[in-house]
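Trainee: Taken from TrEMBL, the feature region 'Disordered' covers 1-23, 157-193. The compositional bias 'Basic and acidic residues' feature in TrEMBL is assigned to 1-10. What TrEMBL records for 11-23 is compositional bias 'Polar residues'. Marked as domain 'ALOG' by TrEMBL: 34-161. Residues or ranges marked as compositional bias 'Basic residues' by TrEMBL: 157-166.
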Amino acid sequence: MSTQPRKDSTEAGSSSTAAVIDTQNHQGAAALSRYESQKRRDWNTFGQYLKNQAPPVPLFECNCNHVLEFLRYLDQFGKTKVHLHGCVFFGQPDPPAPCTCPLRQAWGSLDALIGRLRAAYEEHGGSPESNPFGNGAIRVYLREVKECQAKARGIPYKKKKRKRAQLKANDDGGGGGGCGGSNNNNQPMKHLA
């Protein structure tokens, strides 16, 4: 009988040790934010893409052309319908019927992806000056994608307007403009009588 409780305590000790290790592993995985996890996945995906090139491209020898090819490659996995110029639904935000136009990556998704990869490149030892994700060609490509998708959907992108809460805060500040007295939106200042 004395061996039985001993066995239970050993099993209990093993399971509690396993529980502690499992908890530590879970906490380590949970310590990464959603953004950090996505950035890691994106970095690994881009690295795998470069390895699959013929010939394979070392990560820190890639340039903006490799990044542009990667963005075009990702289009095949997109879920955003982008109407072509010849499509009867071109320029319509809510087409009434399906069409054969291709699915592409949404501009916002590509923009966010580039931001994460740009940060990951520098976190992995790349210099900001040589960062291929920050190259001007990438910004031009993203701007073209944004404009193309906006025209295809018939929805122009406009600069975001200031929120009403910010306007109200500026008005409550005695009409001084809120930020050093400057008025960035070229509208007349509201003065309280």
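Cβ atoms are placed via backbone N, Cα and C, with glycine included.
What TrEMBL says about a protein is an automatic prediction, not a curated fact.
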Trainee: Could you count the residues of the domain 'ALOG' (34-161) that DSSP puts in helix, in strand and in coil?
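Mentor: In the domain 'ALOG' (34-161), the DSSP-based counts are 76 helix, 4 strand, 48 coil.
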Trainee: Taking all residues of the domain 'ALOG' (34-161) together, what is their mean pLDDT?
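Mentor: Taking every residue of the domain 'ALOG' (34-161) together, the mean pLDDT is 91.
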